[in-house]
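Structure, as structure tokens:
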Amino acid sequence: MSILVVTGTSTDVGKTVVTAALAAAAREAGLSVAVCKPAQTGVAPGGPGDLAEVTRLSGVTAVVELARYPEPLAPDTAARRSGLPMLRCADVVETVRALDDGHDLVLVEGAGGLLVRLGAEGFTLVDLARALDAPAVVVAAAGLGTLNHTELTIRALSAAGLACAGTVIGSWPDEPGLAERCNLDDLPAVTGVDVVGSVPAGSGRLASASFGAAASTWFDSTWLKSTLTRL
């Protein structure tokens, strides 16, 4: 049983699709998978959030969302403005550990970037990962700016004593330009962490069967096998 945190260099870099791809690849390998999204923002009560997309794409139905706020803001800001209770780190830890007891793999998808405040006492995904003793996968953009953003994120993980399991490009264009091609080579050099996967742009629009059949091919096969066989 193992826990893997999925964070990103910013918002809208493809965390949800990468989470779904990891879940689908693990399912294909015969593992039982659960996914936790501690805080969902920008979605009204009853509306489909990120976990609905994870389920649609990967087929994983063991999904847990702990808090939801209607405004598209950082979770602690959204909680204050809505008057709804703030998420507590201890509650998230308890939930994830309970999921871990019954599944081979638990994926925990963050909100926004690594240091976004998630709830009470300003806790972040760093605090959560440390409490869970879990490594993180960093989802990064492909284009200009990603070298700086990704290195900052990985340095923050390292400074907190947390392991980075790899970098995944969340949306790799059909026709990558010069910047994208150079970034693919330069990211490992500047961060010290391998790029272990690239999800093709538009993959989130695939039907479930097509997504599930392709998901494992988007990751480095040696990395994926090593990651899943350690569970």
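Positions of Cβ are set from backbone N, Cα and C atoms, glycine also.
The active site annotation in Swiss-Prot covers Lys37. What Swiss-Prot lists as ATP binding site is 12-17, Asp50, 109-112, 170-171, 200-202. Marked as Mg(2+) binding site by Swiss-Prot: Thr16, Asp50, Glu109. According to Swiss-Prot, the substrate binding site annotation covers Thr41, on the basis of sequence analysis.
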Does DSSP put Thr16 (ATP binding site) in a helix, in a strand, or in coil? helix
Of Asp12, Lys37, Thr41, Ser171, Ala201, which is closest to Glu109 (Mg(2+) binding site) if I measure between C-alpha atoms? They're all recorded positions. Lys37
Can you tell me the three-state DSSP label for Gly110 (ATP binding site)? strand
Same-chain neighbours of the Mg(2+) site, Cβ within 8 Å of the mean position of the Cβ atoms of Thr16, Asp50, Glu109 and not counting those residues, run in sequence order as Val6, Lys15, Thr19, Ala20, Val35, Lys37, Gly49, Leu51, Glu53, Val54
Local Cβ density at Gly112 (ATP binding site) - other Cβ atoms counted within 10 Å: 23
Rounded to the nearest Å, what's the C-alpha distance separating Ala201 (ATP binding site) and the residue listed as 'active site'? Just drop the number here, would you? 23
